[in-house]
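To start, the structure under review is shown below, and the notes come after it.
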Amino acid sequence: DSSNDTKITLGYVPLSSIIIFSNLFIIICIACNRQLHNTPNYFFLSLLVADLCTGITLPFIPRMTLDQQLDFKHCLVMYIFPNFLFLSFLFNLVMVHYERYLCIISPLHHSQFWVHHCFPLALLTVWLPPLLYASLPAFGWNNWVEPNVCSYKQVFPKAFIFLEVCGLVLLAMLSIVAMMGRVLWITRKQLQNICKLHRAVDRLQQQQPSDHEQQLNLRYAKCVAAVSLTFLVCWVPYIIYQLMSVTALQTGVSLPSSSLYIIMSCTGIGSMAVIPLILGLANKQYTEPISRLMLKLRNRWRGGQNSRDIAL
């Protein structure tokens with residue numbers, strides 16, 4: 001029902017607005033702080049731009065599930081461009097995790113890796129391959145049969161969708177999960193070594209064991225809980241959406257409810273788009289310029305209010 005699809009579209013406008021304005025906020029914070037003008041933050045800035053574009057296209061996803069009267073060129077643009085933006089967002093997300101993964105596993109030599117030496121090439125790898133793959137339907141890999149009837153089935157063949165989901169999206173998700181797991185394992189090993197050193201020092205000084213070890217373990221537990229919660233909130237809805245898509249593709253049976261599929265697709269993509277916002281807002285360096293500005297404005301307002309009270 002088109003009325004239900006319109007209601008669903010309007011329902012995702014607030015989420016899209018939050019994603020757009022939050023990304024703009026973090027982008028401005030990075031631009032205002034010269035200390036953040038380095039290669040890792042340039043990768044993160046590229047991710048924010050891709051996430052911003054994903055937030056802009058989010059309310060238009062429900063329309064992509066409907067058949068529309070469009071010619072071949074306009075139909076290709078309608079489907080290829082959002083798909084390119086989503087794939088570039090996914091590639092940027094993998095690159096940000098990969099760059100930070102290198103910093104953790106090799107903190108003294110991470111600047112010698114190719115992502116730092118060849119930054120333009122690394123940046124090109126997260127934008128050009130998604131563009132080339134998303135543009136394949138324009139070069140002939142499509143199912144365009146009925147003229148002036150635009151639908152995703154005519155633009156994207158089953159093999160194209162299956163390759164994108166299982167070959168690109170699933171591989172990217174597994175690589176991110178593997179890097180996160182490796183980082184948590186390294187963190188745990190380092191934490192155990194630190195705790196051993198603290199216990200050895202306490203024995204030499206004949207002191208009672210301090211609560212510092214307990215604090216470290218608590219911080220690690222909080223870190224694991226934060227990663228797990230982020231995975232559940234941001235990744236699980238998208239995984240369910242992908243499983244629904246692949247199942248429907250393999251069985252050749254349409255989904256039981258188009259509204260349910262639209263809700264799952266918007267929720268899945270929207271939840272993934274929240275990941276850069278969590279990474280950005282959790283970093284005090286990114287929010288520090290705006291925090292200082294808000295503090296100055298609050299102090300000025302309080303100072304002006306106090307001066308008026310004294311005058312009275």
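Keep in mind that glycine also has a Cβ here, set from the backbone N, Cα and C atoms.
According to TrEMBL:
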type	residues	note
TRANSMEM	12-30	transmembrane segment
DOMAIN	22-279	domain 'G-protein coupled receptors family 1 profile'
TRANSMEM	42-61	transmembrane segment
TRANSMEM	76-98	transmembrane segment
TRANSMEM	119-139	transmembrane segment
TRANSMEM	159-180	transmembrane segment
TRANSMEM	220-240	transmembrane segment
TRANSMEM	260-282	transmembrane segment
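Comparing 12-30, 42-61, 76-98, 119-139 for CB pairs under 8 angstroms to the transmembrane segment (159-180), the maximum falls on 76-98.
As a whole-number mean, the pLDDT of the domain 'G-protein coupled receptors family 1 profile' (22-279) in this prediction is 80. Beyond the transmembrane segment (76-98), the same-chain residues lying 6 or more positions past its ends with a Cβ under 8 Å from any Cβ of the stretch are 43-44, 46-47, 50-51, 53-54, 57, 60-61, 64, 68, 70, 115, 122, 125-127, 129-131, 133-135, 137-138, 142, 150, 152, 155-156, 164, 168-169, 172, 175-176, 179-180, 269, 272-273, 275-276, 279.
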